[in-house]
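Contents: one structure, followed by commentary.
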Protein chains: 2
Amino acid sequence: MNSDRIRLPSLLEKVKSADEAAALIKDGMTVGMSGFTRAGEAKAVPLALVERAKKDPLKITLVTGASLGNDIDKKLTEVGALARRLPFQVDNTLRKAINDGQVMFIDQHLSETVEQMRANQIARPDIAVVEAVSITEKGHIVPTTSVGNSANFVQFAKQVIVEINTTLSPELEGLHDIYLPEERPNRTPVNLLKPDDRIGTTAIEVDPSKIVAIVFSDLSDSPSNALPADSETQAIADHLIEFLKQEVDAGRLPNSLRPLQVGIGTIANAVTSGLVKSPFTDLVQYSEVLQDSTFELLDAGKLKFASASSITVSAPCAERVFGNIAKYKDKLVLRPQEISNLPEIVRRLGTISINTALEFDIYGNVNSTHVNGSKMMNGIGGSGDFARNAQLAVFVTKSTAKGGAISSVVPMVSHVDHTGHDTDILVTEIGLADLRGLAPRERARAIIDNCVHPDYRSALNDYFERACAKGGQTPHILREALEWHINLEERGNMLSKG
Amino acid sequence: MNSDRIRLPSLLEKVKSADEAAALIKDGMTVGMSGFTRAGEAKAVPLALVERAKKDPLKITLVTGASLGNDIDKKLTEVGALARRLPFQVDNTLRKAINDGQVMFIDQHLSETVEQMRANQIARPDIAVVEAVSITEKGHIVPTTSVGNSANFVQFAKQVIVEINTTLSPELEGLHDIYLPEERPNRTPVNLLKPDDRIGTTAIEVDPSKIVAIVFSDLSDSPSNALPADSETQAIADHLIEFLKQEVDAGRLPNSLRPLQVGIGTIANAVTSGLVKSPFTDLVQYSEVLQDSTFELLDAGKLKFASASSITVSAPCAERVFGNIAKYKDKLVLRPQEISNLPEIVRRLGTISINTALEFDIYGNVNSTHVNGSKMMNGIGGSGDFARNAQLAVFVTKSTAKGGAISSVVPMVSHVDHTGHDTDILVTEIGLADLRGLAPRERARAIIDNCVHPDYRSALNDYFERACAKGGQTPHILREALEWHINLEERGNMLSKG
């Protein structure tokens, strides 16, 4: 068994228990862990670290690809082991600690974390902990269900812990394409011209002497928590697909569209699922994360190829895909997130990028991260990498939240993650606003007329008209611009009067 | 004379008066004109259009590279000829018409205008009007002091008017490097690996039959309006240069730094000038605009090469450079703005990008465009193209304005052009805040301690501390977040009490 999974015999002696490996992580270290959208995180070692921290307190800076599964962020937070965390998270307990100022959270564009490490602008990991299906004859590491920042962490760290996940087939080898840009100033173009190009290696190259421990684990990825589409989610998908049909009819897109990037979550999943019944054919994905809907599209013969940095699916879908990986392997590739999200590639390919907004305002500025301007939800993730460079930058959200107490369309967003310069199409279940080539006042008209819930439309019209009377390129009444958010905070409803 | 400047004889018969050429521009047309930062705009034809519009009213959509000189925007506005304008402007009269809602202004990242035309997302020009020093044997167009979007406009338009500027030497030929990305999905990498690489042609390729008029002009570019450095501007430059020295000492930058992008204006010019006395050597620029300071650096032997999309200099500097172009030609290149600002190149080269902020907030969000959240100044220009992808994204501003009535550092910016995700270093004459790797609460501490004018420091500290007590990743008190701007609007001073 061990020699199947560890094909370089000299490494067999590095096999250790999770506790022994976790003991290599010292107080104050920067730790780079695998894991992207709750897929492919190391599991046994961080959980052993949690147990150790209960007896022997420590604090680390934890850097990952994106979010971790298996409640690892929750458990590390509960034992007080996180001093700093970057670049993304989705855990309730950690979120509370972040918002309480107990954990310093650095919310970053997901393509930039390792670029900043490469330039020594943020600390490189002292130690890397990465999940693998196997180690090759050369001692190189074959990742599991995500690549994330693992290859860079392994390159930067002085010590590497490999956690071999025995629940996943070694046949995953060949799925990955590991390519890292050169150091500046001698960097060359990233020679990826279409999503199915392979430009790297199938395993993470490493000097085997850096591998200080190999741990076996039989823990699985946490299943996707995307919910099935409801009527509003479905309406959003329908509006967007109808719009794309019109773009094809107008000759602005081919019937195969452009490479699709679809953010994670329920709405995004519904949009992709909706494509199964669409007239589009020969679709390709160039995305961060593949969800269940990718495999629906592949199975339906609608999708030719999907490139991403991770696969985050439901338990049944995981069984279908990873239990029959040979069937899918030539139609999939997993890349470092630096490449899946690279501005160079996103602009070259001209992706259609579909991401979820928390709220947007009448001028098309989008808040993806902060509830009422202060409280972090998850982080910006890769949405900025894509929206800035996509051919079509789409943001989707339901028009209201909390039973109608919150309008997702507001006079002024309480926090900006994507400026109006980067947003082309906004969609709610009410309808779709096409903002391309419009000045701010025209954008406001398109958004109010098409995207706002009827309960909020007259209040937004009133705000906008009075703001226009005051003047400006992007007319605002600053005294009222954040009033809806203040109402919500103080009285639980955006339209409550004091 | 004509045959020196028009080397394809069949085009000699296209020579027309400016009035005749302007008559080809029809009411309702989209017109693509040369011109970038008041350099290299067509002059005689738009001025003739102004005269014509006085008698024969018309409205056009005017698209340029960036700002125009010779009061062209002012005069076109005064005769009511502008229905829509993109992507940038700097004129007071036009600014007022924009803010009054009379001209629809679309403020765009300067690398994106032609990308959106290529994808047919905004209208392509019906007619292009571009300034040239000459037309080649093949009928191709040799631009003058800027390239901007001219090559793309010529490619997209059905009709092309060439305005030959006889004040500039035909020896400018060879200065330009015209390369345009291919159409998607067949686009290849832009194979530019260092600022002095040449990847294109020295003239704008065009089917000569599209050239419908050639006009001779003897009007010069408007001279640069950058002011000499004052003590505050100089202090900003000094702080930044000191920081760069520390980066070199720490091994994070080589002594030649990285390719420099420096925005236009007085502070930026002072920073570049300051490099003359610095210990750095073998510098290179990869910028949008070259100002007087570039030529100081070149003449001092500090700068090896400068790449940009335009040259905007004072009258004496213009005489020095364009009167001795042979001396400078092998150290300069002018490119389409799509290439000078391309995210792909900016990230590959890892530029140090220095741009001017109107205001920034305690979390590092930057407002480059809107006074008090509503009124447009100039536009975002290329700052977003650079800041997102630079190795070091620097924003500079004086700490106060209007005799101290305005603090440039505020609790929350009234408009966001660059989010904190994209800002690394903020500098005022007070000092420099290094935000790299900091969480928002730490960023606030660095900014308040280092950049804020003493008159505003205690008020910002008070806001920040009370906001932190409320909690959040990016703590704000929404009821007060914009109060400083409201004070300014209502009482003329940010700290005035009602």
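Here the Cβ of each residue, glycine as well, is placed from N, Cα and C on the backbone.
Taken from TrEMBL, the feature domain 'Acetyl-CoA hydrolase/transferase N-terminal' applies to A:12-215. Confidence for the domain 'Acetyl-CoA hydrolase/transferase N-terminal' (A:12-215), expressed as mean pLDDT, is 98.
Under the three-state DSSP scheme, A:E288 (active site, 5-glutamyl coenzyme A thioester intermediate) falls in the coil class. TrEMBL lists A:E288 with the feature active site, 5-glutamyl coenzyme A thioester intermediate.
Look at TrEMBL and you will find A:323-463 tagged as domain 'Acetyl-CoA hydrolase/transferase C-terminal'.
Residues or ranges marked as CoA binding site by TrEMBL: A:N378, A:G382, A:K402. Counting every protein chain shown, 10 other Cβ atoms lie within 10 Å of the Cβ of A:K402 (CoA binding site).
Broken down with DSSP, the domain 'Acetyl-CoA hydrolase/transferase C-terminal' (A:323-463) shows 51 helix, 36 strand, 54 coil.
Comparing the recorded positions A:E288, A:N378, A:G382 on other C-beta atoms within 10 angstroms of each C-beta gives the minimum for A:N378. As a whole number, the greatest separation of Cα atoms within the CoA-binding residue list A:N378, A:G382, A:K402 is 26 Å. A:K402 (CoA binding site) sits 29 Å from A:E288 (active site, 5-glutamyl coenzyme A thioester intermediate), counting Cα to Cα.
For the pair formed by A:N378 (CoA binding site) and A:E288 (active site, 5-glutamyl coenzyme A thioester intermediate), distance between Cα atoms is given as 16 Å, rounded to the nearest Å. For the pair A:G382 (CoA binding site) and A:E288 (active site, 5-glutamyl coenzyme A thioester intermediate), the C-alpha distance works out to 7 angstrom.
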